[in-house]
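Presented below is the structure to which this report refers.
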Amino acid sequence: MTSTASIIDGKAFALGLRARIAELTADFAAEAGRAPGLAVVLVGEDPASAVYVRSKHKACVEAGMASFEHRLPADTSQVELLALVGTLNADDAVDGILVQLPLPAQIDENRIIAAIDPDKDVDGFHPVNAGRLATGLDGFVPCTPLGCLMLLKNRLGSLSGLDAVVIGRSNIVGKPMAALLTKESCTVTVAHSRTRDLPAVVRRADIVVAAVGRADMVKGDWIKPGATVIDVGINRVDGKLVGDVDFASVARVAGAITPVPGGVGPMTIAVLLRNTLVAAHRNAGVALAPDAI
Ligand SMILES: Nc1nc2c(c(=O)[nH]1)N[C@@H](CN(C=O)c1ccc(C(=O)N[C@@H](CCC(=O)O)C(=O)O)cc1)CN2
């Protein structure tokens, strides 16, 4: 059987979003007299992380933002990294701070995230921002789930009343994704490694978000016909990038599906720019219309 699902082109959507952010960045710079600034910290030489940090720098510059890159050696101590975060918190040219994850084993990620000023936490990982999201207050939302939500709303319009299953309960994707879908009035199930009869749970869903980190795990016979499937997985198998969704079998049943690569991944960086622009407006006291982005 051939593929019937529409392909959700995250790469094209992200490019459109980045163009809009570049326009708004120029407006901000004209009003505030400075560009929004993003500081990105990379510790060590993980090759994938180095690629992501380079892409973030390029995206920032293309949008007209100031990019401050800090590359630290793999044996950097937690105290040294905390000191850098403290310096960036106090720097008025820095609107957003992002510490690229994962960090080397000698550094406690949670300790570093907690040290970032919540109002510069453009990754949305700080417990204060997690709490703001959970309680419906304004704050920064993690980039990958917010990018998934934008793709879903662009495809489906209102999500109200839809059944959504999020597979994975990480602090970075699964939990914030569930909170965002709940806010959109979906009926949300968070499934994970202990979920009984996962295929049966997924089969109920109008929306499936797979963020579990296991290559090709979600199969076509788990999917309700016509469902929208968002694949957050980035797994390298035999040098090839594959998602958590078995694309070939799922695309025969789903109504729409994100590819890997070219689906959710590019949205992560576009939303990072969006969060940095929002942070700059708040820090400079410059208004940004709620529906501007
Ligand atoms: N501090 C953070 N660390 C990490 C985050 C994050 O949001 N904040 N997310 C991931 C990595 N990540 C950004 O940092 C990221 C992952 C993937 C992509 C992307 O565009 N992927 C492309 C494929 C790229 C490739 O060929 O390797 C795609 O899916 O099309 C962008 C950013 C972990 N760490």
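Including glycine, each Cβ sits where the backbone N, Cα and C put it.
What TrEMBL says about a protein is an automatic prediction, not a curated fact.
Counting only residues at least six positions away in the same chain, the Cβ atoms of Gly174, Val190, Ala191, His192, Val209, Ala210, Ala211, Val212, Gly213, Val232 sit under 8 Å from the Cβ of Gly168 (NADP(+) binding site). Here TrEMBL flags Gly168, Arg169, Ser170, Ile234 as NADP(+) binding site.
Residues annotated as domain 'Tetrahydrofolate dehydrogenase/cyclohydrolase catalytic' in TrEMBL: 8-123.
The average pLDDT computed for the domain 'Tetrahydrofolate dehydrogenase/cyclohydrolase NAD(P)-binding' (142-283) is 97. Positions annotated as domain 'Tetrahydrofolate dehydrogenase/cyclohydrolase NAD(P)-binding' by TrEMBL: 142-283.
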Exercise. Max Cα-Cα distance in Å among Gly168, Arg169, Ser170, Ile234, the residues listed as binding NADP(+)?
Worked result: 16
Problem set entry | Which same-chain residues, if any, lie at least 6 apart from Ser170 (NADP(+) binding site) yet have Cβ under 8 Å of it | Ala211
Problem set entry | Helix, strand and coil counts within the domain 'Tetrahydrofolate dehydrogenase/cyclohydrolase catalytic' (8-123) (DSSP) | 62 helix, 18 strand, 36 coil
Exercise. What counts of helix, strand and coil residues does DSSP assign across the domain 'Tetrahydrofolate dehydrogenase/cyclohydrolase NAD(P)-binding' (142-283)?
Worked result: 57 helix, 28 strand, 57 coil
For this session: Measure from the Cβ of Arg169 (NADP(+) binding site) and count the other Cβ atoms within 10 Å, all protein chains considered.
Result: 18
